[in-house]
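Pulled from TrEMBL, these are the features on record:
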DOMAIN    8-162  domain 'Glycerol-3-phosphate dehydrogenase NAD-dependent N-terminal'
BINDING   Ser14, Trp15, Arg35, Arg36, Tyr52, Lys109, Ala143, Arg258, Glu284  NADPH binding site
DOMAIN    183-322  domain 'Glycerol-3-phosphate dehydrogenase NAD-dependent C-terminal'
ACT_SITE  Lys194  active site, proton acceptor
Amino acid sequence: MTHPVTAAVYGTGSWGTAFGMVLADAGCRVTLWGRRKEIADAVNNDRVNPDYFPDVELPATLRATTDPAEAAAGADFTVLAIPSQTLRENLAAWAPRLAPDTVLVSLMKGVELGTAKRMSEVIEEVAGVSPDRVAVVTGPNLAREIVGRMPAAAVVACRDEEVGRRLQTACHTPYFRPYTNTDVVGCELGGAVKNVIGLAVGIADGMGLGDNAKGSLITRGLAETTRLGLAMGADPLTFAGLAGLGDLVATCSSPLSRNHTFGTNLGRGMTLQETIAVTKQTAEGVKSCESVLDLARRHGVDMPITETVVSIVHEGKPPLVALKELMSRSAKPERH
Ligand SMILES: NC(=O)C1=CN([C@@H]2O[C@H](COP(=O)(O)OP(=O)(O)OC[C@H]3O[C@@H](n4cnc5c(N)ncnc54)[C@H](OP(=O)(O)O)[C@@H]3O)[C@@H](O)[C@H]2O)C=CC1
Ligand SMILES: O=C(CO)COP(=O)(O)O
């Protein structure tokens, strides 16, 4: 490309804003799309996103608009950073205006309810593009740390290696180090299922179950993620990487994680409604635990931790009862 790389980022929430900043710091010309004019105006006039990062000065090269067509114009990369369950409806409205040959990039870590589709599958279907033009950015990337330009590594996954390398270059900064991977299925599953395991670890932390429980949940959570991945054709090694273990560790150990915090509140005894009421941002695992379990059943895979999270979050099972059931499952070899 001879012109400066141009990116449209749909979503002025935590990760859209933070990743837009990464792209701008890497030298791209970036336009954020947001549904609220007051945020777009504040980004353009005051270089701040008042609702998500009021204390962070955004790069002057980061612009914002509420007009999806204006954001889309000439974009080499079209980056999607909205809640997973809203993607289909939003993208259907934006798709006719997307720049020809743009690469669609998913930042989202969820699985669609009802269809059990991964976000890249929804993108391919709704935008009518080949998998070679769809990429995923994932890994241990808590947005609050990224806007502080604290160091992090990430994975850029795309079936087409050349497209992956172009996106890697477009978002590589001194504090953000992206690696490429062609295993899109594994990278997306890693991101979606870690949110569910993050809820489980949060619940355990809220109940005061200790660090052995945390280590056990992280490890057995990774085991069930890998089982699902294998059944879906992913490379098991992906789950030992940034999209798997890396993201799982960051989410399960950080109070900045919305999923972990959501689980902690439940584990401390808040009701689901009370927990939803105090959660200001997107905690994808709350909805995606059901679609992940749906995926597991479609593929005949046993995911006991995911099943337990669904039973607590959506079926009102008391965490102590769920814990007792999880611990009394039949004994088995570690690898089965
Ligand atoms: N935050 C993080 O650290 C990371 C998040 N992710 C993933 O990124 C994705 C986005 O999450 P994140 O940015 O954190 O979420 P936030 O809740 O911080 O922001 C969500 C954004 O989507 C907008 N939005 C909400 N509902 C709709 C809708 N129905 N139609 C259009 N826009 C909507 C919000 O607009 P408004 O402000 O007007 O409500 C906001 O701009 C998730 O899948 C998450 O798992 C991945 C890595 C890191
Ligand atoms: O995906 C994330 C970090 O990589 C963000 O996690 P939460 O959505 O739980 O905040």
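In case you wondered, yes, glycine gets a Cβ from its N, Cα and C as well.
TrEMBL feature annotations superimposed on the structure.
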| residue | record | DSSP (3 states) |
| --- | --- | --- |
| Ser14 | NADPH binding site | helix |
| Arg35 | NADPH binding site | coil |
| Tyr52 | NADPH binding site | coil |
| Ala143 | NADPH binding site | helix |
| Lys194 | active site, proton acceptor | helix |
| Glu284 | NADPH binding site | coil |
(message) Over the span of the domain 'Glycerol-3-phosphate dehydrogenase NAD-dependent C-terminal' (183-322), how high is the average pLDDT in this prediction?
(response) 97
(message) Roughly how many Å lie between the Cα atoms of Lys194 (active site, proton acceptor) and Ser14 (NADPH binding site), rounded to a whole value?
(response) 18
(request) Would you mind pulling the longest C-alpha to C-alpha span across Ser14, Trp15, Arg35, Arg36, Tyr52, Lys109, Ala143, Arg258, Glu284, which the record has binding NADPH, in angstrom? (result) 23
(message) As a quick check of your reading of DSSP, tell me how many residues in the domain 'Glycerol-3-phosphate dehydrogenase NAD-dependent C-terminal' (183-322) are helical, how many are strand and how many are coil.
(response) 107 helix, 0 strand, 33 coil
(request) Measure from the Cβ of Lys194 (active site, proton acceptor) and count the other Cβ atoms within 10 Å, all protein chains considered. (result) 33
